[in-house]
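Below you'll find the structure, written out as C-alpha cells, and then a few comments.
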Amino acid sequence: MPWLCCHRQPKAKREDQYKVADESPEQQAADDDEPKFSWDRRPQMDMDRYRIHDLDTATEVRRGVAGQPMAIESCKNSNLLVLDHTSTITVDDCTDCLIVLAPCSGSVFLRDCQSCTVLTACQQLRTRDCRTLRIALHCATQPIIEETSNAVFHPLSLHYDSFIDDMTAARLSLFTSHSNSVHDFTPEKGSIHYRISKDVLPLSSDHISILNAHGVSVDVPDSDIPYREPRTGPGHFYYSGCSDEVPRLKFVERCRKVAHIVSTTSTVSLVDTCEVDLHKHGTKIPMAIKGLGTLVVLEICGDKEEIEELMKNNDAGFKEVPEQQYEALATALSTISQMAIS
C-alpha cells in the first residue's frame with residue numbers, strides 16, 4: 001500500500017478550482033420562492049469580460065474593467081492590452097506576448113510565462129516560474145521575482161487618454177517608483193536572474209504600430225510618467241505641495257506638466273522625482289510644510305541659473321529647496337523610500 005503522504009491527486013484545471021457545484025432543482029425552486037431584496041437583484045457579472053484566454057496570434061483590447069480583477073491565461077504570440085484600471089491582475093502560461101496593463105491598485109502576478117514583454121504600473125509586481133521577460137515597470141513597492149531567470153526591468157514610458165485618471169483611481173503616484181529595487185526570492189550563487197536597465201524598453205515597429213492604432217504611445221515625449229535620466233552632477237531640489245482641499249488629480253497634472261518640461265529640456269536633466277504623503281512622513285521633511293497634505297519633489301541636474309529660469313513662475317508653484325537643507329531632504333527621502341520597500 002503506498003504511503004499517503006506521497007500520493008498526489010491529478011492536477012486540476014485552473015478553472016475547476018473555482019467551479020461551484022450546480023444546485024438541485026428543489027434548491028433552485030426554494031431559492032425562487034424566497035423574497036428578493038434590492039441587493040439580490042443586481043445583474044450578474046459577465047466574467048468573460050474580465051478574462052482573456054487561449055489566444056494565438058491575436059490582438060485583444062479590454063476597456064471598461066473599472067477596477068475589477070483581471071485574468072490573462074494561456075495566450076501565445078498575441079498582443080494583449082488592458083486599458084482601464086484594475087484591482088489585481090494574474091497573467092498565467094503566456095508565451096511570446098506583448099502585454100500592456102493599465103494601472104493596478106494591487107498586485108500584478110506573472111506566472112509560468114516565457115519570452116513576454118510586459119508594460120505596467122502597479123502597487124506590487126511578483127513573478128514566479130518565468131523565463132526571459134522584458135518588463136517596463138512603475139511600481140509603488142519592491143518588485144519580487146521567484147524561480148525566474150533572464151528578466152530585464154526598464155522604466156515605464158506610457159500614455160493613453162485616461163492613463164492619469166487610471167493612476168489616480170489606482171491610488172498610484174506618477175512620481176514615486178521602486179522598480180529598481182528588485183528582490184530575488186530564490187537567488188542562486190553565481191547566477192544573476194535579472195538586471196536593471198535605465199533605458200526605455202525598445203519595441204519593434206510592428207508592436208509600436210499596434211499600440212498606436214489603439215491610442216497607446218510609449219514615446220518618452222508623450223509619456224505621462226516623467227522620464228528620469230542618469231545623474232550628471234550635483235542635483236538641485238524643487239518642491240511643490242498642496243492641501244487636502246485641492247483635488248489631487250488637479251495638483252498631479254500641474255506637477256506632471258512641470259516635470260515634463262524639465263525632462264524634455266536638453267540642457268538639464270530630471271534625475272529623480274518623489275511624492276510624499278505628509279500625513280505619514282511630514283515630520284521627516286526639513287522645509288516648512290504647515291497646512292500641506294501632499295508634497296512632490298523634483299531633483300534636477302544642470303546649470304543652476306538655467307534651472308532657476310526654467311522653474312520660474314511655473315503653474316504648480318514649485319519652490320527651490322535651500323541648499324543648506326539639501327542633505328536633510330535627501331536623507332528624509334531615502335528613509336521614506338526604504339520604508340516603502342521594507
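Even glycines carry a Cβ here, placed using N, Cα and C.
Taken from TrEMBL as is:
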type	residues	note
REGION	9-43	region 'Disordered'
COMPBIAS	12-22	compositional bias 'Basic and acidic residues'
COMPBIAS	23-34	compositional bias 'Acidic residues'
DOMAIN	35-187	domain 'C-CAP/cofactor C-like'
BINDING	GLY106, SER107, GLN123, GLN124, LEU125, ARG126	GTP binding site
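Of all the Cβ atoms in the protein chains shown, 18 others lie within 10 Å of the Cβ of ARG126 (GTP binding site). Take GLY106, SER107, GLN123, GLN124, LEU125, ARG126, the residues named in the record as contacts for GTP: the widest Cα to Cα gap among them comes to 11 Å.
When other Cβ atoms within 10 Å of the Cβ of GLN123 (GTP binding site) are tallied across all protein chains shown, the result is 18. Remark: SER107 (GTP binding site) has THR88, ILE89, CYS122, GLN123, GLN124, LEU125, ARG126 as non-local neighbours, by Cβ distance under 8 Å and separation of at least 6 in sequence.
Note on the domain 'C-CAP/cofactor C-like' (35-187): mean pLDDT across this stretch is 94.
For GLY106 (GTP binding site), the same-chain residues 6+ apart in sequence whose C-beta sits under 8 angstroms from its C-beta are THR86, SER87, THR88, CYS122, GLN123, GLN124. When secondary structure is read from DSSP and collapsed to three states, GLY106 (GTP binding site) falls in the strand class. For the binding-site residues listed here (GLN124, LEU125), the lowest count of other CB atoms within 10 A around the CB belongs to GLN124.
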